[in-house]
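Here is what Swiss-Prot says about this protein:
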- C130: active site, nucleophile (ACT_SITE)
- S21, K45, A46, N99, N127, K165, I191, G217, G243, G244, G265, T266: FMN binding site (BINDING)
- K45, N69, A70, I71, G72, L73, N127, N192, T193: substrate binding site (BINDING)
Amino acid sequence: MNRLAVELPGLSLKNPIMPASGCFGFGREYAQFYDLSVLGAIMIKATTKEPRFGNSTPRVAETPSGMLNAIGLQNPGLDKVLAEELPWLEQFDVPIIANIAGSTMEEYVEVAAAISKAPNVHALELNISCPNVKKGGIAFGTVPEVAAELTRLVKEVSAVPVYVKLSPNVTDIVAMAKAIEQAGADGLTMINTLVGMRIDVKTGRPILANGTGGLSGPAVKPIAVRMIYEVSQAVSIPIIGMGGVQTAEDVLEFFYAGASAVAVGTANFIDPFVCPTIINELPVLLDELGIRHISECTGRSWKTGAHAVHCRS
């Protein structure tokens, strides 16, 4: 028995560990270090219809317990991803989760319809943190009704299951998750980065050229765990958790909160071997805790009588 194997909509994972979108490119750099086939899945970099060159530099800044980024969805565009990146990944025995993004609902639909037909794409990850240019730049993922409509439209054209990536920058992430589930999403991934800023005390100006950026790394882990804990009790679709994961212990914490698989993001920049290291350490940790199979851990914190905290300071 493979005690790390996980079955999710569209995904038969040999283990629940995968690199998060935006922290692994299309895998070419990391393939120099290890065989990507050891991974449970690969979440590729966000793909848009046309190539994007990203924001002006500087667009990355360190923080005491993580990093800020304002890359701006730099990517080679749909045609090149279909012609070069996805075919290159076919050499590895690993399912691909294609992260898609857009400025309009029409762009999302066009990208989803095309990329979901690639032979090694087993699921889509819908990045709803993008600004909606037809609605004054408000992100798709901040209004439940808009996120639900986008989910419905993508589901109608996708040839594979659709997972929606939730933004933590919302008033009520549980309401958002419920709306997206009702719209037909097959699963959720969470959390995306939190909006943050650093200022250079010598110049008095923001360090990032964009002003603000997405905060990731260990600093966001407690927020991710709390949000997964709350959302997993409110929906019936599976959650792929992410946000500050660095160790096998972190993975188990996310499972206990309610995740069914886990993506590793910023830690890949610190240690390119972090994913295979976690995969190797998980069985040892399960042995220490007397756990037969990783799936037994999903939601253990609330299934065993723990209570959600409703009063927040």
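Quick reminder: no glycine exception, Cβ is built from N, Cα and C everywhere.
The model shown is predicted, which means the values in this text are computed figures rather than measured ones.
Known features from Swiss-Prot, placed on the structure.
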| residue | record | contacts (Cβ under 8 Å, 6+ apart) |
| --- | --- | --- |
| S21 | FMN binding site | M43, I44, K45, A46, I97, N99, E125, N127, K165, A263 |
| A70 | substrate binding site | N55, R59, V60, L208, A209, N210, G211, T212, G213, G214 |
| G72 | substrate binding site | R52, F53, G54, N55, R59, N210 |
| C130 | active site, nucleophile | L73, A101, G102, S103, A139, F140 |
| I191 | FMN binding site | L166, S167, P168, I173, V220, I223, A224, M227, I228, M242, G243 |
| T193 | substrate binding site | N69, S129, P168, G213, G214, L215, S216, V220 |
| G265 | FMN binding site | P19, A20, G22, C23, S216, G217, M242, G243, G244, V245 |
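Within the set S21, K45, A46, N99, N127, K165, I191, G217, G243, G244, G265, T266 that the record links to FMN, no two Cα atoms are more than 20 Å apart, and one pair reaches that distance. For the substrate site listed in the record, the two most distant Cα atoms among K45, N69, A70, I71, G72, L73, N127, N192, T193 lie 16 Å apart. Following the DSSP three-state reduction, the secondary structure of K45 (substrate binding site) is strand. A70 (substrate binding site) carries neither a helix nor a strand DSSP state and counts as coil. Residues G22, A46, S129, G214 surround the recorded substrate site, their Cβ atoms falling within 8 Å of the Cβ centroid of K45, N69, A70, I71, G72, L73, N127, N192, T193, which are themselves excluded.
DSSP assigns S21 (FMN binding site) to coil in the three-state reduction, outside any helix or strand.
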